[in-house]
Amino acid sequence: MAKKESGGLNAFVNKHIMPVAAKIGSFKPLIAVRDGIAWSYANQYKTDGVSAGILSASVFFILTPSIMSGDKVPAEGFPYTYLGSRGLFVAIIFGLLSAWIFQWFINHNIQIKMPATVPPAVSKSFSALIPGAVIIAIAGCVYWLFSWTGWGNIHDVIMNILAKPLSALGNTLAGTLVSILLVSLFWFVGIHGGNVVNTAMSPIWLMQTDANRVLNQAGHLDLAHGGHIITRPFIDNFVYMGGGGATIGLVLCIGYLVWRKRSSKQNEVLAPLTIVPGMFNINEPTMFGLPVVMNLMLIIPFIIAPMVNAITTYIAMSTGLVPLCNGTVIAWTMPPVISGFLATGSIAGSILQVINIILDVLIYLPFMAALNKRQLVEEEKAK
């Protein structure tokens, strides 16, 4: 009997709970437009953030092409392609635009005003009718324009505009440094920079990784035979050690301060939560626990450290001190030293990673020491 109940519970979870949980990550653009950008922007102008959020979410759905599926009973829905990071730029741009239009109408008294006796919730709904109609009409015109001209949809157009310049930069050190800068800046404001920037860059890096694999199998993996320095393992295993911003240097600084008994109480608690995940290139506890996000005291090393890693690795491989990455795609969670050996097939790769980690620690240490000092002062005042 117990076995039957367990099976029934598993069936219920697999059928109803897991599909919902699996799709939560797909709705990041909707969260951005409704509960983030549009809501916050409207509230800053003393207007109804809820109405602005609903309208901007509606705009997103209008601009997103629908698909038809089903043989016996046709069903219409939205492709998950545009509900993830591919739709993020449209969500941000039109979230801001719709919120601006909404607050402009409200603050210029172009709205339906209800008597004071009407409940606020009802009054706000009527106030949103005129700006809402204008916003929806504009979104409809944009969708019609793209459909009529044959451009496809605005999601693909914006991604192509952003992707082509990034793709042209994917095979150069300068381009790699630009992508690293963009990733760090996105992370600094709380957006997963890798998901945004690497959407365009990853195909380039993966193609170059595979080209190195072919050369390695033929026994000609070197620059003279067309080998590539910048590949996916170059980025994952040599540049972003510890995660975005090369935060392995940051978590080791925290560990050093705790070991020397100079750390704040906050960092003492944070150390075990950040160091172990950091060794496997997982840095969300550091990004949002320290935090690094929106922390002006850490933005400089957060940008500089991965750039230094890229430069030292590029120089080491271009001069032949370290072999090129051999085309093996190493999991980004593989710890440093091990990943360096697997990516290059040489102990020189591991040694290079150790050198980069030391440089990262030296870059982060003065900034982390200053932040730790400020935390100690705040804790002393709180006593």
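Any Cβ shown, glycine's included, is placed from N, Cα and C.
Per TrEMBL, domain 'PTS EIIC type-3' is recorded for 1-367.
Per TrEMBL, the feature transmembrane segment maps to 49-68 (among others).
If you look up TrEMBL, you'll see 88-106 (among others) marked as transmembrane segment.
Annotation comment: TrEMBL describes 126-146 (among others) as transmembrane segment.
The transmembrane segment annotation in TrEMBL covers 166-189 (among others).
Per TrEMBL, transmembrane segment is recorded for 238-259 (among others). The list of residues near the transmembrane segment (238-259) in space but at least 6 beyond its ends in sequence, with Cβ under 8 angstroms from a Cβ of it, reads 176, 180, 183-184, 187, 193-194, 267-268, 270-271, 274-275, 278-279, 281-284, 286-287, 290, 292, 298, 301-303, 305-306, 308-310, 313, 332, 336, 340, 343, 349, 352-353, 356-357, 359-365, 368-369, 372.
Per TrEMBL, transmembrane segment is recorded for 296-317 (among others). Outside the transmembrane segment (296-317), and at least 6 residues removed from its termini, the chain residues within Cβ reach (under 8 Å) are 173, 176-177, 180-181, 183-185, 187-188, 229-230, 234, 238-241, 244-247, 249-250, 290, 323-325, 348, 352, 355-356, 359-360, 363-364, 367-368, 370-371, 374.
Through the fold, the transmembrane segment (337-365) approaches residues 233-234, 236-238, 241-242, 246, 248-250, 252-253, 256, 298, 301, 304-305, 308-309, 312-313, 316, 321-326, 328, 330 of its own chain, all at least 6 residues removed from its boundaries and within a Cβ separation under 8 Å. TrEMBL lists 337-365 (among others) with the feature transmembrane segment.
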